[in-house]
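> One structure, as structure tokens, below. Some questions next.
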Amino acid sequence: MSIITEVYAREVLDSRGNPTVEVEVYTEAGAFGRALVPSGASTGEYEAVELRDGDKARYLGKGVLKAVENVNDIIADKIIGFDVTDQIGIDKAMIELDGTPNKGKLGANAILGVSLAAARAAADELGVHLYEYLGGVNGKVLPVPMMNILNGGEHADNNVDVQEFMVMPVGAPNFKEALRMGAEILHALKAVLKGKGLNTGVGDEGGFAPNLKSNEEALETIMQAIKDAGYKPGEEVKLAMDAASSEFYNRETGKYELKGEGVTRTSEEMVTWYEEMITKYPIISIEDGLDENDWDGFKLLTERIGDRVQLVGDDLFVTNTTKLKEGIEKGIANSILIKVNQIGTLTETLDAIEMAKRAGYTAVISHRSGETEDSTIADIAVATNAGQIKTGAPTRTDRVAKYNQLLRIEDNLADLAEYHGNETFYNLKK
């Protein structure tokens, strides 16, 4: 046993140039852990609270000095003296100290920074990798990357409504080859876009962000890039989408306004559109296909295509076991997106993954659009054998940091490493 002797937070920058929280944890034996907290652009209304200062004269109101102060002046006093390996105890103490259902008092960004830094310090204390500390001898499955190579919605300044169009190299023999395939497709996509005279600037997550005639044109363009890179769509590479539908849902009219296309759809019309798209294109995963509060629409979507396509709840479930439990009971979706900062502690994150697995739901470990060099989610993906990771295009250091960490983990696991490819979608009809 080694106790925590120091907890220190500071304000640093994320990949969008906005402030975020960095926390360091030290133990009496000299162990050390550091964690940086990510931040989202499109956020679910039920997410844990990210505490911002609100001072418009400083970082346009997005400073996090209050959260930093909460770590240094309040949380540190509570956590110092804890056994660094008592992750559940540490997280429980912070939740109780905050005392709100959404971590609104101290801030999920303050609490999460301490939670993740403590886990890293514990791994350092024991002389093991983070994935080994969290997953033990069983953590050995490298995730299929869900690579966002074409951006729209809140992640880009263009006229594409759907937020993310992704490729999944399901036919790769291992993670290393999957990453290579994704990178080659990204380069092929750039050439396709240039050939069409389209913009090759990138969005928040490293994918290209051109103006296109329709959301379907995005799918067609990616299909061409896959072929140009020398791969077979549907066999070696499948497509995935994050609609982030809450961003274009009009709650007053109850309709979906796809302004880029100049189209308005009802829930049922959205479901029909998705059904058409999965028939025409090798789409294996759709995230947030409907608004987070449109549970009737989600139920219909699940009934119509849930046996053929992974239906991921992000804003729908916000990594929250209460929301997930309700979804499981009602037969809504069949997968959950896992974002550590949506819930605010490592313990609650692992609980959500475990609940999903027990119910036959898949779990996709995810970054946020505002990221840092922190690669914790790569270790979480392997530790939990989640089988999937969503962490942007294979470009920009904030995204590549996670991919490079997975390469290191695969090397370290050597012959024990597994890559499940198509078998990742175990809850779908083959």
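Glycine is no exception: its Cβ is also placed from the backbone N, Cα and C atoms.
Below are the features I grabbed from Swiss-Prot:
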BINDING   GLN163, LYS339, ARG368, SER369, LYS390  (2R)-2-phosphoglycerate binding site
ACT_SITE  GLU205  active site, proton donor
BINDING   ASP242, GLU287, ASP314  Mg(2+) binding site
ACT_SITE  LYS339  active site, proton acceptor
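Are these features on the surface or tucked inside, and what touches them?
Secondary structure from DSSP puts GLN163 ((2R)-2-phosphoglycerate binding site) in coil.
Over all protein chains present, the Cβ of GLU205 (active site, proton donor) has 31 other Cβ atoms lying within 10 Å.
Using a 10 Å radius centred on the Cβ of GLU287 (Mg(2+) binding site) and all shown protein chains, the other Cβ atoms total 28.
Cβ neighbours within 10 Å of LYS339 ((2R)-2-phosphoglycerate binding site), excluding its own Cβ and spanning all shown chains: 26.
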> So which of the binding-site residues is most packed in, judged by how many other Cβ atoms lie within 10 Å of its Cβ, out of GLN163, SER369?
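Comparing the binding-site residues GLN163, SER369, the most crowded Cβ belongs to GLN163.
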> Can you tell which of the recorded positions GLU205, ASP242, GLU287, ASP314 lies nearest to GLN163 ((2R)-2-phosphoglycerate binding site) in space, using Cα positions?
ASP242
> Can you name the recorded positions among GLU205, ASP242, GLU287, ASP314 whose CA is within 10 A of the CA of ARG368 ((2R)-2-phosphoglycerate binding site)?
GLU205
> If you take the centroid of the Cβ atoms of ASP242, GLU287, ASP314, the listed Mg(2+) site, which other residues of that chain have their Cβ within 8 Å of it?
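Once ASP242, GLU287, ASP314 are set aside, the remaining close residues are GLN163, GLU164, MET241, ALA243, ALA244, ILE286, ASP288, VAL312, ASP315, LEU337, LYS390.
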> In which DSSP state, out of helix, strand and coil, do we find LYS339 ((2R)-2-phosphoglycerate binding site)?
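DSSP assigns LYS339 ((2R)-2-phosphoglycerate binding site) to coil.
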> For LYS390 ((2R)-2-phosphoglycerate binding site), which DSSP three-state class applies?
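DSSP assigns LYS390 ((2R)-2-phosphoglycerate binding site) to strand.
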> If one looks at the chain holding LYS390 ((2R)-2-phosphoglycerate binding site), which residues at least 6 apart in sequence have a CB under 8 angstroms from its CB?
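Residues satisfying the criterion: PRO145, MET146, ASN148, MET166, LEU337, VAL364, ILE365, SER366, HIS367.
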